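Undergrad: A single structure is presented below for examination.
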Number of protein chains: 2
Amino acid sequence: MKRTAFFISDGTGITAETLGQSLLAQFENISFTKLTRPYIDSVEKARAMVQQINTAAERDGTRPIIFDTIVNQDIREILAESEGFMIDIFSSFLSPLEQELSSHSSYSVGKSHSIGHNSNYMERIEAVNFALDNDDGARTHYYDKADLILVGVSRCGKTPTCLYMAMQYGIRAANYPLTEEDMERLQLPVSLKKYKEKLFGLTIDPERLTAIRNERKPNSRYASYAQCEFEVREVENLFRRENINSINSTHFSVEEISAKILVEKGVERRFK
Amino acid sequence: MKRTAFFISDGTGITAETLGQSLLAQFENISFTKLTRPYIDSVEKARAMVQQINTAAERDGTRPIIFDTIVNQDIREILAESEGFMIDIFSSFLSPLEQELSSHSSYSVGKSHSIGHNSNYMERIEAVNFALDNDDGARTHYYDKADLILVGVSRCGKTPTCLYMAMQYGIRAANYPLTEEDMERLQLPVSLKKYKEKLFGLTIDPERLTAIRNERKPNSRYASYAQCEFEVREVENLFRRENINSINSTHFSVEEISAKILVEKGVERRFK
């Protein structure tokens, strides 16, 4: 049986979606059709939303689950008339918080207030630019400005990890690919030696690496299992020899890898 | 008065942090010191956490707010002995959900279960690669594969937006900078004409653009207010003439811009 879940918001929907996904993940035996519906910020959009919810209820033969973070009372009342089972995120927590903080929330006085990611705009853009400019060993003379330098074989996940850390946390992360040439010398490239305390290793299972490289350069020596296995083994040896902490990216998401690296390196995010 | 808030998790902390930030944003008059503490997954780490919480309580002269998504009962009991005010995210919603779904959650049977971003790993990497390969007009012959093509003046926020959409939603977004040359011809570049239905415009206030360009090329003609104002005006005229929908990025975060674009273009995210 498939059940529909809606993440509904008058803003981006990120809070409703993040919490809703976490909660639904606790029900492993149930399969959900998940739909995010951001910017439901007018009575008209709310009425159209009710129709979508009721259509899903009829199709599924059971009522959809609604996770919502809508502030406007009129819009919430319209949604409440739908066939959905409402999980009302804000009202559940705001009244205990109001009591603890001895303060009224914007919500309870009917005024929306966004998270204001925007105050970090310039810092974030700078961090993304830093990741792009210092991607894949393109430049090595700005490593003094880096918070972190990721090292590992080509296509082990360094670039997405650096970009995620830049975007979410404003971390300036460079990355440097360890290529066969570095391996033959069996030592760290000179440009990295000076910044050993900033280095963090990424490694990956050779099977996964082979699959990823084959998407890029099918049937090449670069993508062959033998080559991938050789490179991963050499790099893991290098990490051990040089005492570089590392994570195997194979079974983790970019979010998980990023969070683990920050904990292990003790780097504080630049956004709060 | 400054008050401390902790976002504590046995995983990445993303859920606790996202919800906690949204809730705290509703209290505009209170200033919070916000600390995310991921991977609190052992009794020892929980005990160290309690000390941090109690230290903050003493320093602030008031108890810190704790948002937690910890599954393990032993760890939660230790945290509950701290001086913090606990907002227990999972237990608040899981029991009504269990009842509605007539099913026990992994949480209530004491088993953690992650969101599993990882099942999207390859699709996500592909989308990030697509954004990087098709950034800044670098290639135009893969636009048939694009879900979206962002257009706008140089440094108006196209690249971070494309990368965010790729990372979070698996959307393949290319971007193309409209340069002075295109403006003089007063028409869309040939490479974009074929894909008009995929185009979306980004625009920006000339003041903000001047500030951003000055970070890159201080005191250049490129970064001058006159040049920025001219380019923005010309591009906004082009958007109007060609009926290209657009957003002014100045007052929105990358999250907000991305969510608005997906709604306006009716593009469904590839991750659910």
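The backbone N, Cα and C atoms fix where each Cβ goes, and this holds for glycine too.
If you look up TrEMBL, you'll see B:G152, B:V153, B:S154, B:R155, B:C156, B:G157, B:K158, B:T159 marked as ADP binding site.
Would you situate these features in the structure and describe their surroundings?
TA: Of all Cβ atoms in the shown protein chains, 28 besides its own fall within 10 Å of the Cβ of B:G152 (ADP binding site).
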Undergrad: Go through the binding-site residues B:S154, B:K158, B:T159 one by one and keep only those whose Cβ is less than 8 Å from a Cβ of chain A; report them in sequence order, or 'none'.
TA: B:T159
Undergrad: In three-state terms from DSSP, label B:T159 (ADP binding site) for me.
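TA: Where B:T159 (ADP binding site) sits, the three-state DSSP reduction gives helix.
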Undergrad: Other residues near the ADP site, CB within 8 A of the CB centroid of B:G152, B:V153, B:S154, B:R155, B:C156, B:G157, B:K158, B:T159?
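TA: So the additional residues around the site are B:N175, B:P177, B:L202, B:I204.
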Undergrad: In which DSSP state, out of helix, strand and coil, do we find B:S154 (ADP binding site)?
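TA: The three-state answer is coil.
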Undergrad: So if I measure Cβ to Cβ from B:R155 (ADP binding site) and keep only same-chain residues at least 6 apart in sequence, which ones fall under 8 Å?
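TA: Once residues fewer than 6 apart are set aside, B:R155 (ADP binding site) is near B:L209, B:I212, B:R213, B:R216.
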Undergrad: Using a Cβ cut-off under 8 Å and a sequence separation of 6 or more, which residues in the same chain sit near B:G157 (ADP binding site)?
TA: B:L202, B:I204, B:S249, B:V254, B:I257
